[in-house]
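Taking it in order: structure first as structure tokens, then the write-up.
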Amino acid sequence: MLSFFRRTLGRRSMRKHAEKERLREAQRAATHIPAAGDSKSIITCRVSLLDGTDVSVDLPKKAKGQELFDQIMYHLDLIESDYFGLRFMDSAQVAHWLDGTKSIKKQVKIGSPYCLHLRVKFYSSEPNNLREELTRYLFVLQLKQDILSGKLDCPFDTAVQLAAYNLQAELGDYDLAEHSPELVSEFRFVPIQTEEMELAIFEKWKEYRGQTPAQAETNYLNKAKWLEMYGVDMHVVKARDGNDYSLGLTPTGVLVFEGDTKIGLFFWPKITRLDFKKNKLTLVVVEDDDQGKEQEHTFVFRLDHPKACKHLWKCAVEHHAFFRLRGPVQKSSHRSGFIRLGSRFRYSGKTEYQTTKTNKARRSTSFERRPSKRYSRRTLQMKACATKPEELSVHNNVSTQSNGSQQAWGMRSALPVSPSISSAPVPVEIENLPQSPGTDQHDRKCIPLNIDLLNSPDLLEATIGDVIGASDTMETSQALNDVNVATRLPGLGEPEVEYETLKDTSEKLKQLEMENSPLLSPRSNIDVNINSQEEVVKLTEKCLNNVIESPGLNVMRVPPDFKSNILKAQVEAVHKVTKEDSLLSHKNANVQDAATNSAVLNENNVPLPKESLETLMLITPADSGSVLKEATDELDALLASLTENLIDHTVAPQVSSTSMITPRWIVPQSGAMSNGLAGCEMLLTGKEGHGNKDGISLISPPAPFLVDAVTSSGPILAEEAVLKQKCLLTTEL
């Protein structure tokens, strides 16, 4: 009697305890669905949804799986429910899909409450066939979990794009004031998420501006469907050799993997038999041999547990029926009275064909997209490292510009400095004269030419039109074209000529000093292109190097030794006058460069005095008349041009304390005096710095002709004696 009461009271107490526990579980869940009705025996099922929320459902004790599934679909308001299923774990930790035809209590042994998970059961081969926006949203959530758990392998670039689509769908458009790269670290997209990937996701997110959440989710699915393992349901098996293999169920067939390598594919039409017994799965495949005859191949796989083997078999049957059949197989109502062999399981849901081909009215539904789980934000180290070089480069640029400006303004001083010129050289195209020997039109060169205009707009017109001429030989033209001079516009300061370039040029010109070759008559115009602006400048007869364009003089030449004695004496007188004039004698230039140079350049960039500039602009050349028939008339014209080319400074410069050596004039009786400008070009290069005391290099080709007598040598010597007290300056540029 006592045992009876103990048993009865004990059962009642157990029921009360179970009822209280059920109520606690229902209160813990976010949503509670009472679907048991008036049933006294109630079971509680707790379903975890894809968005992370939980739903608690009360059902009758003998309720089947389809009742629970319908309650969840009704709660979600989901129409395309055939792609989804409820999954649970058994005591052997084997995952199973809840069978809608069987009792929940018989399938799920662990409870109550019975815990299940809503998952995508069949991955659509074409996501665009999904009609409902809610269906696509749930697919995105499932794929996101597959990638995060490592079930679905994803390359780096694809993972970055998919993560950017997730951010666009959840956060909307990128906002510079609100979003920073550290924001990406609050989300988890892949198992191993590096800072490099987060920065790439952040940059990719900016490109998806303007996409709505629905558009971003559609793009996500269209990108994810091309993954190799998309929609593959993997099961680990063992073959006869004892090695581990993986069978992947896909819409097209069964894949066979050895590790990560795909070694085979069995198409559904080629599979004739698929059955199981205990933990062995038998697969019979028909293939054509070389002769075209069908041959059957039998494959046997083993699994660790019989329940896992049956689960694999059921999944294969469902995949074949869903993707290959037009409709589910109807179960026969006649049940055999004999002992049943094998399983009676058949797929009872709709196929993909029925789901996509059935005309359904599109409906406008509203649902709430729940935010993803957030994690603690971390500071990106790569961003700091990436911005430091940029800041450093910007700082360097600023310092370079400031230094360049200081150097540009510092060029006004007389101290010799050689900073790097910030502005690029302006290309000036100098066309070789067609009359120059050894040069053609294809020898045209575009050299960087820098013009110092000395902040005078009027000086440009006076200097460009002041010089004409051509090189005497190919070597001379090449040596002159190798001169690299820097360019500045008015008001920007005078650039400096590199010392090494001037030194090399001076040495080249000095080597060519002794070479004698005939010079042709100069051109009267030259094309000068400055700053890519084609401007044809016709040079006038006003120039520093006055050229007597006379047919008679072009034929008659002065011996080089005569001209050398006279000009050397003039040079010695110039060198000994003042230190300032000696600096001016350093100026390197040629006849071609003088067409564009506006002032004389020296190593220290000392500008010419204002008086000398005015004198340069007021100089008039000697009159070039007709052909001189008499030698005496020619000599008078030459001596007149010599005196006119001398620059007379109005202010007498300070004379150095050193004793002045009076030049010795040697005037032979059988020759004529010339300043080297009779029908040819004269190039004088002064190189006085750095131990070079040779004076001015002279290039004057021979012109063998004789003059009977010198008629005006006396007046010329007297005039030059008077000019000794003034600043003498030759016509060299």
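For all residues, glycine too, the Cβ spot is worked out from N, Cα and C.
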S517, S521 - the residue Swiss-Prot records as phosphoserine: S517
Where Swiss-Prot places phosphoserine when the choices are S39, S149, S624: S39
Site from S418, S436 that Swiss-Prot describes as phosphoserine, others unannotated there: S436
DSSP helix/strand/coil residue counts for the region 'Required for interaction with CRB1' (29-119): 19 helix, 35 strand, 37 coil
Local confidence of the prediction over the domain 'FERM' (43-327), expressed as mean pLDDT: 92
Local Cβ density at S39 (phosphoserine) - other Cβ atoms counted within 10 Å: 14
